[in-house]
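These features come from Swiss-Prot:
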- C56: active site, nucleophile (ACT_SITE)
- C59: active site, nucleophile (ACT_SITE)
- 217-226: compositional bias 'Polar residues' (COMPBIAS)
- 235-251: compositional bias 'Acidic residues' (COMPBIAS)
- 27-132: domain 'Thioredoxin' (DOMAIN)
- C205: S-palmitoyl cysteine (LIPID)
- C207: S-palmitoyl cysteine (LIPID)
- S245: phosphoserine (MOD_RES)
- S278: phosphoserine (MOD_RES)
- 217-278: region 'Disordered' (REGION)
- 1-26: signal peptide (SIGNAL)
- 182-202: transmembrane segment (TRANSMEM)
Amino acid sequence: MAHLGRLMVPLAALVLLLWAVPGAHGRRNNVRVLTDENWTSLLEGEWMIEFYAPWCPACQNLQPEWESFAEWGEDLEVKVAKVDVTEQTGLSGRFIITALPSIYHCKDGEFRRYVGPRTKKDFINFVSDKEWKNIEPISSWFGPSSVLMTMMSALFQLSVYIRTSHSYFVHDLGIPAWGSYLVFAFATVLSGLLLGLCMIFVADCLCPSKRRKPQQQYAKKTSPEFSQPLKKVEEEQEADEEDVSEEEAEDREGASKATSQSSIRQRCVGLPSATDTS
C-alpha cells in the first residue's frame, strides 16, 4: 500500500500540471476563421477582424491578446475573427491590406479601420464604449462588397494563379522561363480576342444596326398652323408672276406698234419716189 501511495502522488501532480497548461484540456478557441467563401457573414452583426500573416513578428505578438479578447466576445456581443492573408488573397484584395497586422471593425455592413493600441483592454473598451462611432466608415465605393473591390479581389486571385502556374511550368514540367512567358502571352492575346468578340456580340444584340431602306418621296403634310402663311406666300408669288406677265405683254405690244409704225413710214416715203420715176 505504501508503494502504491508513492506512485499516486507523482501521477496526481502530473494530472494537475496538464490541467494547468493552456489548451491541454481542450480549451475552446473563440476566434473565427474567415475565408473567401464565408466572408459575407461579416455583413450581419458586429465583428472585429484581424488580418495577419504567420511569418509576421508583430502578428505573432498580437495573437495572445487577440485570443484573450475573443473570450469576451459573447459578453460584448461581438464576433472576433482573423484572416490569413497568405491563404486568402482575395480578402486581402477586398480590404486592400498594406500593413500587418490590420484590424477592422464591422457593424451591419459598415467597415472601419481600428488604429488604436493593440491590447485586450483597449479592444474591449473600443467595443463596449462604442468608440468606433468616432471613426469615419469606409466609403461604399471602396467597401469590401462593392463592385470595385470585387474586381480588385479577382485581380489578386488572378495574380496568385499566374504565379502558381508559372512555378508549375518551370519546376514541375521543366519548361524554360521564356517558354512560360510565351504561354501567358498567347493566353492573354487569345482571351483578349474572345472578350472582344463577346463584347461585339453583346453590343449587336443590344443595339442592332438598322437596315437602310430606299428613299421614297412622300407628300409633305403641313399642319394647319403653317398652311395659311404658305397660302399667302403662294398667292403673293402668283400675283408677282401675273404682274410680270402683264408687263411683258405691254412691252411686246409696244414693240409691235413701233415696228408697224416704222413700216408704214417706210411705205409712205417709198410712194412719191415711184411716181416721180413715172
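From the backbone N, Cα and C atoms, a Cβ is placed for every residue, glycine too.
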Hey, does DSSP put C59 (active site, nucleophile) in a helix, a strand, or just coil?
helix
By the DSSP assignment reduced to helix, strand and coil, which category contains C205 (S-palmitoyl cysteine)?
helix
Measuring Cα to Cα, how many angstrom lie between C59 (active site, nucleophile) and C207 (S-palmitoyl cysteine)?
54
Whole-number Å value for how far C207 (S-palmitoyl cysteine) lies from C56 (active site, nucleophile) (Cα to Cα):
54
CB contacts for C56 (active site, nucleophile) [other CB atoms within 10 A, all chains]:
16
C205 (S-palmitoyl cysteine), number of other Cβ atoms within 10 Å:
8
Composition by DSSP (helix, strand, coil) of residues within the domain 'Thioredoxin' (27-132):
41 helix, 26 strand, 39 coil
Of these recorded positions, C59, C207, which scores lowest on Cβ atoms within 10 Å?
C207
